[in-house]
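Enquirer: Structure provided below as C-alpha cells; questions to follow.
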Amino acid sequence: MHILIAVKKELAIGSMLISAVRDNGYTPVVVSDGFEAWQQILKIHTFALVILQDDLEHMSGVEICRRLSSEQFKNMFYTVLVIENYSLAVSSKYVDDYITKTITPIELNVKINCILNHIHRYRNVFRQAQINVVDEILIVEDDDISRTVVASLIKKFGYHSCEAADGEQALEYFYSHSFPRIVILDWMLPKISGIDVCQKIRQMKNEEPIYIIFLTAKNTPEDIESGFYEGADDYLTKPFSVSELHARIEVGIRYVNTQLQIRKRIQEAEISYENIFQNSPQGVFRVNTKGELLLINPAFAKICGYLSSQEMKEEIKHISQLYGNTQYFQNISEKLQLNISICEETEIKCCDAQSKWISQQFTINYDGTGNQYIDAFVQDISERKKGELKLHKLNQHLEERVEQRTEEVEKAREFFYLILDTLPSHIAVLDEQGVIIFVNKAWRSFGDENGLGIEQHCVGSNYVDICLNTMGPERKEVVNSAYKLKQILAGHLTHFSHEYPCHSPKEDRWFNVHAVRFCFDGRAHVVVSHEKITELKLAEKESLKARDEARIANEAKSQFLANMSHEIRTPLNAIIGINTLMKNTHLTPRQLDYVHKVDLASRNLLAIINDILNLSKIESTKIQLESTWFDVHDVFERITSVCMLNIEQKQLDFIIEVDDDVPQQLVGDPVRLTQILINLINNATKFTEYGEVILRLSMHDKNDENFYLQFTVKDTGIGIPQERSEELFEAFTQADTSTTREYGGTGLGLSICKQLVQMMQGKIWVKSREGYGSEFSFIIPFVITEDHANAVETSRMERILQDDKTLEERTILIVEDNEINQEVIKELLEAQNLKTVIANNGLEALNMLKISSETEFCGILMDLQMPTMCGMEAIGLLRDLDHCKQIPVIALTGDVMSETKDSVLDAGFNDYLTKPVEVEELFRVLKKWLSSKKTEQENATSTEWQTLLNSIEGVNVEMGLQRVAGNENLYCKLLKQFFEKYIKLSSNLEELWENKDVEQLKKLCHMVKGTAGNLGMDTLYERMNELEKAIHLQTTNMDLFFREAYDEVCRIINTLSIFKDFAT
C-alpha cells in the first residue's frame, strides 16, 4: 500500500514522515504542492492515506482534502493535515486527523502506526464514495453486569460494541475521527452524568449524525422530556425486553445511515454546484442586500475584464462600482423585496474603462439562518447591439434558454425516477385496467433474478391477470391480492397490505405487499409496493429461540431449588422432630425455654424457605391451582391449629366471624387459600403487641355464574404509613428497614399473597392507620354449582377417617437413610402405640417385603432420595409384589416443587409428606390411608363395587376415587347421579347448537366439565373445555369442537348406563 506525502522539503517533518512510513512497512510517495501533479500521481497509484501540509503555496491543505473527497478520487478515505499546533485545527468534514510540526519522531511513529491500524480495520470502507455503516455501538454503563448483558445482546444482534464505565471513558471515543455513531447511555453515571455526556458529545460532534439512546429507570414525562431536550434521540426504561432493545438499535442505525446518505448527497450537490458555478459560461455573482459582493464566478469576472474572480473581488467591493450609479442597485433590491421579477439589460463599466452591455436576471434567496442574498445571472450582450448579427445572437440566446429549461424538466423527471430506483422496495404503478405503466429498478431486478419473462413483470403487462393465473405454493396469497386490487380499482377499497412468503431455491423469503389507490388525470391508478421483510421474520425466529433458551434456564433453576429444598429440609426435619420429642421428656423450665426457642427458630427458618420456594414457583408459573370441593370450616380449623400458638404466646384475642349467607362448601384450592390466610394472620400477629386479630368472611357480590367472597384480616397492631402501603406487596419489601431488624422476616409473605390472589382472579388491598392497626382484605370468585350435597359427603370423609381409633398395635415400615430422621419418625409413631421397622434404603425394604406376610405391614413411609436404591425406583418394584399392590405407601421428600408431587403420585405412591414433617400432618395422612379393617359384609360390598367400577371404560376410576378419599360407595353413587342428571345431555347440546344459543351452550359446557373432572372423566372434561374456549374465542372451527364433545357425551352416557339399576 502506498502513502502520499505532500510537505515542503525544507521542513524536518518531511523526512520524519518518510522514515515513519518506511518503518511501518509502507512505500512513501512524495509529491510537490501543485494539484496538477497530484492528479497525475493519483492516476498511477492507489492510496489509502494522504499526509499533506496545511499551508502549501498554491492551494491550502483543507481545499485539497475537499477535492480529494469527490467521486474522481474515491479510492481515498483517510487524510491527515500537518499544522503548526493543535490550536489551529479546524473542524472540517474533509480532514480525518492532524499532526503538528513539533511532534517528536517517536510520537510520530506511534501516531502513524495507529492510523495505519485504523485503516486496515476499515480498509474496504470509502469515506466519501459510499454510505458509512454503523460498525460499533458504544455502551456507557457503570454497572458491569448490565454492561455485559447489553454487550452480549448487541453481539447477538450482529453488531460490534465498545464499552465505557463512566462519562470520561465515553468521551475519549469522540476525540478521534473514528467514533461510534450509536450510543446506549446510562442516565446515572459516576463523575459525569449521562445528561452532561450527551451534551458534550453533541458539542464535540455537532455536525455528525449520532443516535443516543438513554438507558434509565426513570420514566416520568419530565425525565423523558429533559433527556430529549439535552440531545437524546430515544430512551429505554429498565428493565427492558430484548426485542425492544433490538428495535431501538435498528431505528438508530436506520437514522444514522439516512443522515449519512443525506450528508453525502449534500456534499455531492455542493461539489456539483461548485463545478457548475466555476465552469459555467454564464456570469454569476451574489451580493447581500447592501450590494456587497459575496461570490463571483470566472465567467462574470471575464465579462468585466478581469483575469480571475479573486482579482475582481479585491478591486470591486460594491456592485454599484460596475453600474456607476448607487441608486440603480437600490431600485433592484426594492423590487425584489416586492416579489417583482427582474430580468433586464444594462451597461456596466469594465476594468479597462470600456463599457459592455449585459443581460442580467436577479433572484432573491435565503441562507440557512434566514439572511437574504441576491443572485444575478449575467450575459454579455454587447455584440447584440450591432445590427442583425446582434439580433441573431439574441435569438440564439433565447433558444439556449428554452433548451436549458427543457433540460431542467428532463433532469427533474430523471431525478424522480432516480429516487424511485434508489428505493429497495419493488414498486409498480398500474392503470385503471391493472396494466403496469411504470416499474422501478428493484422491481425489474427481482423479475430478472427470478427468471420472470418480460410479459410477466414489465411495462405493458396486466398485473391483475398475472396474479390470477399464478400457480404454485403462493397461489392463494397472490390470487387474494389480485381480488383486492380489483376492489381498489373499482373504488371499493383505498388500500390493503399483507405479508406473504415467496421462497426461492436458494433462500426462504418473506414480503409485505402494499397497494394504494390514487387518481391522476381523472383516472384511477394503483401503486403496488413489495417490501422484503425476511430479516424481520428471521428476527422473530431468533426471538422464539431466545424464549426457548429462557425456558431451559428456568427449568434448571427449578431443578436447583428442588435439590436445595431437599438438602435443607432433611436436617431441618431432624431438628424439629427431635425438638418435639424433647418436649415430652422431663425438662427443667430453663431447658423448656431452650426447646421453645429452638422450635420457634426452626419454624421461622421453615417459613422463610417456604416463602422463597413459593415465590420462585409463582414467578416460573409452576404453581397450578386445584379445583376441588372443600369445607370452609376445615380451612379455619387448619388456620387455627397453625396460628394459635403464636397468638396465645402474645396473649391476643383471635376472633373468626362468618356471615350467614356464606356457603359452607366451596369449589377451589383450599391449600392456597389456607396459605394466604395463614400468611396474613401470622403477619398481623407479628406486628400486634396487644389487642386482637379478627378473621372475617362475608359475601361481597353474586351473579348467575359466580359468587365473590371477601376475606378480611384485621389487627390492632403498629399500623402502616399510608405512603408505604402499596410497596408492601412487592417482594423483599417491608414498611420500614427498622421493621426487619425488630420483627424479622423476608418481606415475601405479602408478595406471595398478592400473586396467589391474582392467580385466583381476585384482588387484594390494605387499609391502615399508623399506630391503630391494619386491615388486609381480598376478594376471590367461586363458581356456583348444584352439587353441594355431594361435596358435603366428600368433605366429611376425612373427618370420618380421623375418628378411626383402630391404628394401635399396627406396624409401619420406615424406609429412610438418615439415622436422625429414622429416630424422629420412630419415636413419634411409637408414642402413639404404633410398631415400627426400619429399612435404610429401597433395596433393603424390598428384601424385607419379599419375605413378609400380606398383613405384616399396614403402611410404609419411604424417603425419595436414598443411596443404593431411591424411593422412585423402589416403588415400582414394590408394586410388582402381589401382596404389596394395595399397601399404602407415603413418600417423604424435601422437594416441594409441584412437578415432584405429580411424579410421586404417578409413580405409585398413595400420598406424600414434605420435610420437615409436621406431627399433625403425619397422623392425618396415616389415618386417611390406614383406616380399620372392613367387615365381611363391607368386603363383599367392596368386591361388588370394584367389579362394577372395573367394567367402566374411558373413565379414570383411580383419580375419581382419590377425589372421594377412596370411598367406592360414594363414588358409585356420584356416577349414578351424573348418569341420571345428564341422560339427556346429548339432546340438550344438539338443541342449543341448532338454535345457536351459544351463551347457554357455554354455561352448560362449564357446568358439565367441572363435574366430569372431579369424577375422573378426563376426556369429557377436555372436550367440554375445548368447546367452551372455542365459543368464547368465536373460532372458525367451532363445529369441529362441538362434534367431538357431542360424540364423547354419547359415549360416556352409554358407558354409565350400567348404573341405571344400581342401588346405593
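Cβ atoms are placed via backbone N, Cα and C, with glycine included.
Curation does not apply to TrEMBL; its annotations are automatic.
Residues or ranges marked as domain 'Response regulatory' in TrEMBL: 3-116, 136-253, 811-930. As annotated by TrEMBL, 4-aspartylphosphate applies to ASP186, ASP863. The feature domain 'PAS' is assigned by TrEMBL to 269-306. The domain 'Histidine kinase' annotation in TrEMBL covers 563-784. Annotated domain 'HPt' per TrEMBL: 967-1064, in sequence order. Annotated phosphohistidine per TrEMBL: HIS1006, in sequence order.
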Enquirer: Taking contact to mean 3 or more CB pairs closer than 8 A (sequence separation of 6 or more), are the domain 'HPt' (967-1064) and the domain 'Histidine kinase' (563-784) in contact?
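Expert: Between the domain 'Histidine kinase' (563-784) and the domain 'HPt' (967-1064), which are separate recorded stretches, there is contact, as judged by 3 or more close Cβ pairs.
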Enquirer: Over the span of the domain 'Response regulatory' (136-253), how high is the average pLDDT in this prediction?
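Expert: Averaged over the domain 'Response regulatory' (136-253), per-residue pLDDT gives 86.
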Enquirer: Tell me the Cβ contacts of ASP186 (4-aspartylphosphate) under 8 Å, same chain only and six or more apart in sequence, or just say none.
Expert: VAL140, GLU141, ASP142, ASP143, SER146, GLY194, PHE214, LEU215, THR216
Enquirer: Tell me, if you would, which residue among ASP863, HIS1006 (modified residues) has the fewest other CB atoms within 10 Å in the structure shown?
Expert: HIS1006
Enquirer: Secondary structure at ASP863 (4-aspartylphosphate) (DSSP, helix/strand/coil)?
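Expert: DSSP call for ASP863 (4-aspartylphosphate): strand.
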Enquirer: From the Cα of HIS1006 (phosphohistidine) across to the Cα of ASP863 (4-aspartylphosphate), what is the distance in angstrom?
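Expert: Checking the Cα atoms of ASP863 (4-aspartylphosphate) and HIS1006 (phosphohistidine) gives a distance of 40 Å.
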Enquirer: According to DSSP, collapsed to three classes, what secondary structure does the residue listed as 'phosphohistidine' have?
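Expert: Assignment for the residue listed as 'phosphohistidine' reads helix.
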Enquirer: By DSSP assignment, list the helix, strand and coil residue numbers for the domain 'Response regulatory' (136-253), in that order.
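Expert: The breakdown for the domain 'Response regulatory' (136-253) reads 52 helix, 25 strand, 41 coil.
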Enquirer: Where DSSP helix means H, G or I and strand means E or B, what are the helix, strand and coil counts for the domain 'Response regulatory' (811-930)?
Expert: 54 helix, 24 strand, 42 coil
